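Asks: Quick one: the structure is below, questions incoming.
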Amino acid sequence: MSSISEQFGRDEWSRHTPKQKFRRWGTMAACAAVIAWALGSIEVVWPWVWGAPAQMGDLFGRMYPPDATNLGVILKVLWDTVNIATFATAFAVILSLPVAYLAAQNTTPNRATLWIGRLILVTSRSVNTIIWALLFVAIFGPGVVAGIVAIMFRSVGFIGKLLGEAIEEIDKRPVEALEATGASRFKVIVYAIVPQVMPTFWAVSILRWDINLRESTVLGLVGAGGIGIILQGAIDTFNWPEAATVLLAILALVILGEIISAFLRRRIL
């Protein structure tokens with residue numbers, strides 16, 4: 001009669017050998033040494049750290065009560081923030097479709113196009129949105145255009161990578177069936193590939209819009225438009241009551257974006 005481990009395909013339990021114990025404890029000791037070295041190399045002004053709670057309380061005291069004098073301007077710039085996130089996501093979705101097609105092993109024409117597609121995805125994802133914003137502010141000048149292009153470039157890599165992985169995991173049988181009938185490559189894509197990746201497409205697009213809504217709130221700190229411009233101005237002039245109003249507006253926007261994203265997921269997916 002076979003043992004339980006043989007029936008379920010599991011390895012029988014056994015104690016670690018001395019070599020395995022040494023390797024495990026050696027790895028843990030090496031990790032601890034690296035962490036200790038990293039902590040020791042960081043220059044921390046500890047008096048500032050211990051005084052942070054008092055400084056935080058003082059700052060919150062200066063923020064109260066929030067100043068809603070410029071609420072109209074804040075709401076207008078908040079709408080610009082929504083537009084930046086929405087347009088950037090829409091453009092990124094369009095651009096990511098061919099990139100995802102090239103980056104998927106089962107749809108790319110050849111290895112050269114495969115590496116081109118993956119290079120685009122890596123380049124997009126390796127650079128932070130703020131860095132893209134600094135670059136495009138220098139090209140397009142301050143304003144929402146630089147913010148839209150910055151978030152778009154960052155989003156192409158995110159959307160393209162997830163869509164490319166979804167394309168690689170599709171069921172090959174519908175593709176092979178259409179190819180057997182002599183269907184063109186375009187028809188294979190439309191009728192065999194697209195229907196299988198549509199749930200992922202909508203899920204990723206909604207998720208990225210939600211992320212972009214949050215990222216667009218800080219682009220104004222580098223001059224790329226949005227609510228961050230008002231926040232930076234309030235902080236630079238020590239207008240803490242107005243800064244509190246801006247922060248509350250950003251919080252409300254993020255919560256609203258989360259509600260909209262959840263609603264769209266329920267209706268579409």
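Indices start at 1 and increase along the chain as displayed.
Note that Cβ sites are derived from N, Cα and C of the backbone, with glycine treated the same way.
Taken from TrEMBL, the feature domain 'ABC transmembrane type-1' applies to 78-261. The transmembrane segment annotation in TrEMBL covers 25-49, 84-104, 130-153, 188-207, 219-238, 244-264.
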Asks: For the transmembrane segment (130-153), find every same-chain residue at least 6 residues outside the stretch whose CB is under 8 Å from a CB in it, and list them.
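Replies: Apart from its flanks, the transmembrane segment (130-153) reaches 80, 83-85, 87-89, 91-92, 95, 124, 212, 215-216, 218-226.
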Asks: By a Cβ-Cβ criterion of under 8 Å, what residues six or more beyond either terminus of the transmembrane segment (25-49) are in contact with it?
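Replies: Sequence-remote neighbours of the transmembrane segment (25-49) do not exist; the answer is none.
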